[in-house]
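K.L.:
Here it is, the structure in full.
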Amino acid sequence: MSRSAHPAGPRYADVLPEGHYTAPPADLNALDPKVWPLTTARSGAGSVSIGGLGLAELAEEFGTALFVLDEDDFRTRCRAWRDAFGPDADVFYAGKAFLSRAVVRWLTEEGLNLDVCSGGELSIALAGGMPPERIALHGNNKSSAELRQAIEAGVGRIVLDSFQEIVRVAHIADTLGRRQPVQIRVTVGVEAHTHEFIATAHEDQKFGLALAGGQAAEAVRRVLKLDSLELVGIHSHIGSQIFDTSGFEVAAHRVVGLLADIRDEHGLELPEIDLGGGLGIAYTPEDDPSEPHTIAKSLREIVSRECRGAELAVPRLSVEPGRAIVGPSACTVYEVGTVKELPGLRTYVSVDGGMSDNVRTALYDAEYSVSLVSRASDAEPMLSRVVGKHCESGDIVVRDAFLPADVAPGDLLAVPATGAYCRSMANNYNHALRPPVVAVRDGAARVIIRRETEEDLLRLDVG
Ligand SMILES: *Cc1c(COP(=O)(O)O)cnc(C)c1O
């Protein structure tokens, strides 16, 4: 099933994407636990609540569009990943999926570490109280200022991504009188998306140093010559929204191969390997992700087997789930503004948000599901396209969805599984005001990111 290209572009609006459900779900009022946050419930009267709070009441209090983040769901997933990998491994939450100080506090309390990839993310991580030694800094073009900020703070690792960066990090660490722990990001020639992976000799992409052709081995040589760098491991990240571990298997085989080469050349066994993130979640009820313990068991077995084959001690393993932790923890609540029927085609349902709060549909043809949440309905299913309010025909929130035929202006819709890469990719197109994130737990709501205001816009526009 391809997620990046299918025939159901706007010009072929009557064609459902390949692999997409073509029939309405049996019960439009049902909320599939695979895609909804843990504490989601529909009351007897038909309205939906999360964390013990009605989405309609939350919308009333905080306005729409609104991200509702289920703290119990988030913490439960953190714990599941942590417990699945156990004390001999580290789970780094990928902050780019969604980061705020409240989230950093939850991560710290739940025993997770944190990946950041910019000075901004690093500032939030530190302000939220994550101990610096539990922070890793990634990125293919970190600035000298970002590197200095990280080294000064004392981050636990910097993942080196280029030959230039090796020299830069060494120089800054040297100036500051530090010895900085580093990993080297390698590209293993595996590209994984969803259900398929492609193993190639070369990867045509901007991240990391290639194993093929010896760039990674050369990076190791250069790092080992520099006293201000402490090489602790090798890092690999192969893709996103991955549903099985076969891509990781090839990656682990190649990374362990490099560890064996390093031992043979330098007489040194590196203590860590990081297999990155990219574990998939259910965006629609059709998706079927594995549980963390299944993934952990499989990754540990793969690494142990490869190390046995290479006669290496098993290094400490790290993983970096972002989406798999925060993705399913949140939903976006929108109010319906207009309903436009195109006879014989579908009905366009416009909501008060769109590509400014969820750009993934426009960017990657991502699929989502959507439900009416302010009431239950026993109206017939209606093939719908939920669209935003931006001046762009690609401003689609959910390309193909079945909603009750009586959906009307003023109804609230919610799109589940929007915790990752939605608020963090939010933008001000059309001078939209980015929505707030409200955390809910045990009947209490707390704004963790407030709604943007026109004053915020005007503050940046200096006239
Ligand atoms: C994006 C990214 C992740 C997280 O990816 P998810 O799909 O959110 O799990 C982890 N590690 C690195 C290096 C990344 O770039």
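Every residue, even glycine, has its Cβ placed from backbone N, Cα and C.
Keep in mind the model is a prediction, meaning the values are calculated, not measured.
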K.L.:
TrEMBL records ARG323, ARG360, TYR364, GLU392 as substrate-binding residues. Which of TYR334, TYR348, TYR421 is assigned to the same site?
P.N.:
TYR421
K.L.:
From GLY278, GLY388, GLY463, grab the residue that TrEMBL records in the same pyridoxal 5'-phosphate site as GLU320, PRO321, GLY322, ARG323, TYR421.
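P.N.:
Of GLY278, GLY388, GLY463, GLY278 joins GLU320, PRO321, GLY322, ARG323, TYR421 in the pyridoxal 5'-phosphate site that TrEMBL records.
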K.L.:
Fill in the CA-CA distance, TYR421 (pyridoxal 5'-phosphate binding site) to GLU392 (substrate binding site), as an integer in Å.
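P.N.:
Spelling it out, the Cα of TYR421 (pyridoxal 5'-phosphate binding site) and the Cα of GLU392 (substrate binding site) are 20 Å apart.
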K.L.:
Please list residues from the chain of PRO321 (pyridoxal 5'-phosphate binding site) whose Cβ is under 8 angstroms from its Cβ, counting only those at least six apart in sequence.
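P.N.:
Set apart from PRO321 (pyridoxal 5'-phosphate binding site) by at least 6 residues yet with Cβ under 8 Å, we have TRP81, VAL91, TYR93, ALA94, GLY277, LEU279, PRO292.
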K.L.:
Do you know offhand how many angstrom separate GLU320 (pyridoxal 5'-phosphate binding site) and ARG360 (substrate binding site) by C-alpha?
P.N.:
21
K.L.:
Which binding-site residues are spatial neighbours of LYS96 (N6-(pyridoxal phosphate)lysine) here, meaning Cα within 10 Å, out of GLY278, GLY322, ARG323, ARG360, TYR364, GLU392?
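P.N.:
Checking each Cα against LYS96 (N6-(pyridoxal phosphate)lysine), the hits are GLY322, ARG323.
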K.L.:
Of all the binding-site residues given, GLU320, GLU392, which residue's CB has the most CB neighbours within 10 A?
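P.N.:
That would be GLU320, with the highest Cβ count within 10 Å.
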